[in-house]
């Protein structure tokens with residue numbers, strides 16, 4: 001692959017300041033679209049697991065392992081070396097290859113005949129998606145100035161609720177009308193078609209170009225050991241990463257298992273759950289992500305601690321609404337109440353990820369992002385999806401079909417841990433901040 005100094009003019013990094021604001025929003029839109037497919041393919045198993053469980057004879061624990069451990073193993077561990085490569089090579093080529101790969105493995109899920117074949121296909125999805133997020137964070141940071149980054153990263157994170165909602169909606173509707181296998185084929189095939197379009201539209205920007213860096217200097221990425229020595233000794237990094245991970249235990253776990261709660265405890269059909277939970281994800285998620293980024297950018301002008309303090313407050317506010325939502329028998333009130341924790345659970349994305357961008361210099365950002373994601377995803381995805389399924393199986397002899405409700409009760413306590421860790425991070429953020 002061409003090095004920065006030998007790249008042809010067609011492949012050379014572009015200066016975002018010379019591209020104009022319109023193009024940066026085109027890039028952001030394409031990144032949001034790719035992230036939408038990232039979460040669509042990631043979360044579709046959540047709505048399809050009930051018919052899959054019935055056809056393949058699986059337990060909740062096995063489903064939790066497929067959704068969590070199978071995905072997180074390679075997704076988390078490979079994200080670090082891929083990000084190291086992205087600090088040295090074309091981020092757009094890496095994202096294009098990742099998009100095509102995870103989409104192809106999503107299609108492979110439709111051929112599963114049992115636990116292990118579906119488990120391995122999900123490992124493949126995680127392998128592909130390992131290259132889809134950390135390079136995108138770096139691209140957003142190089143296309144938007146620092147005073148707009150929390151909002152831009154929040155806008156990028158719209159792919160989470162939009163992709164989750166589309167996966168829930170279309171996955172459920174296709175599974176109900178045709179089969180769960182066809183749902184995997186359709187959503188995976190669409191991602192394969194998107195991959196070359198993404199590469200044609202999105203150009204690699206100069207690294208750190210909006211932070212006063214030159215085209216050459218920030219392209220010289222330091223050794224991985226230098227990144228580790230720069231980032232890992234900072235207490236703020238660990239507090240932000242572990243705080244985000246605790247929230248992700250709830251976020252990923254609830255997103256995966258709440259459809260089962262609606263079907264088992266509230267008596268909804270698969271189609272009804274698709275519309276119902278898809279609406280909660282779309283409305284609550286988009287609102288929460290945007291408000292989190294907007295509030296953090298506004299208050300951080302006076303105090304950088306707002307990047308960690310904003311989500312810390314959000315998690316505490318979310319907790320009583322989550323318990324109230326799980327205890328009502330009214331479908332209307334459950335919908336309204338679940339909007340609040342769904343939105344507030346995602347409010348950390350813009351502020352916290354924006355803060356992580358300033359814990360290392362620009363030429364270390366992609367690798368720093370991957371280290372953050374490694375911690376977040378190993379705990380959030382691997383533990384979050386498994387623990388709710390395990391608790392449901394453990395509590396089933398006592399509570400029967402209501403076991404998932406009680407599993408969700410216990411899991412919501414991770415919000416308190418997340419809030420405490422981010423509050424501690426807010427007290428140290430200014431000391432560990434790096435301007436460029």
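Glycine residues also receive a Cβ, built from the backbone N, Cα and C atoms like all the rest.
What TrEMBL says about this one:
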DOMAIN    27-430  domain 'Major facilitator superfamily (MFS) profile'
TRANSMEM  25-45  transmembrane segment
TRANSMEM  65-86  transmembrane segment
TRANSMEM  93-113  transmembrane segment
TRANSMEM  119-140  transmembrane segment
TRANSMEM  152-176  transmembrane segment
TRANSMEM  182-202  transmembrane segment
TRANSMEM  237-263  transmembrane segment
TRANSMEM  275-293  transmembrane segment
TRANSMEM  305-325  transmembrane segment
TRANSMEM  331-350  transmembrane segment
TRANSMEM  371-391  transmembrane segment
TRANSMEM  406-425  transmembrane segment
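The stretch in 65-86, 275-293, 331-350 that contributes the largest number of Cβ pairs under 8 Å to the transmembrane segment (237-263) is 331-350. A contact between the transmembrane segment (275-293) and the transmembrane segment (25-45) is absent, since fewer than 3 of their C-beta pairs, 6 or more residues apart, lie under 8 Å. This prediction places the mean pLDDT of the domain 'Major facilitator superfamily (MFS) profile' (27-430) at 84. Taking every recorded stretch in 152-176, 182-202, 371-391 and counting its Cβ pairs under 8 Å to the transmembrane segment (93-113), the highest total belongs to 182-202.
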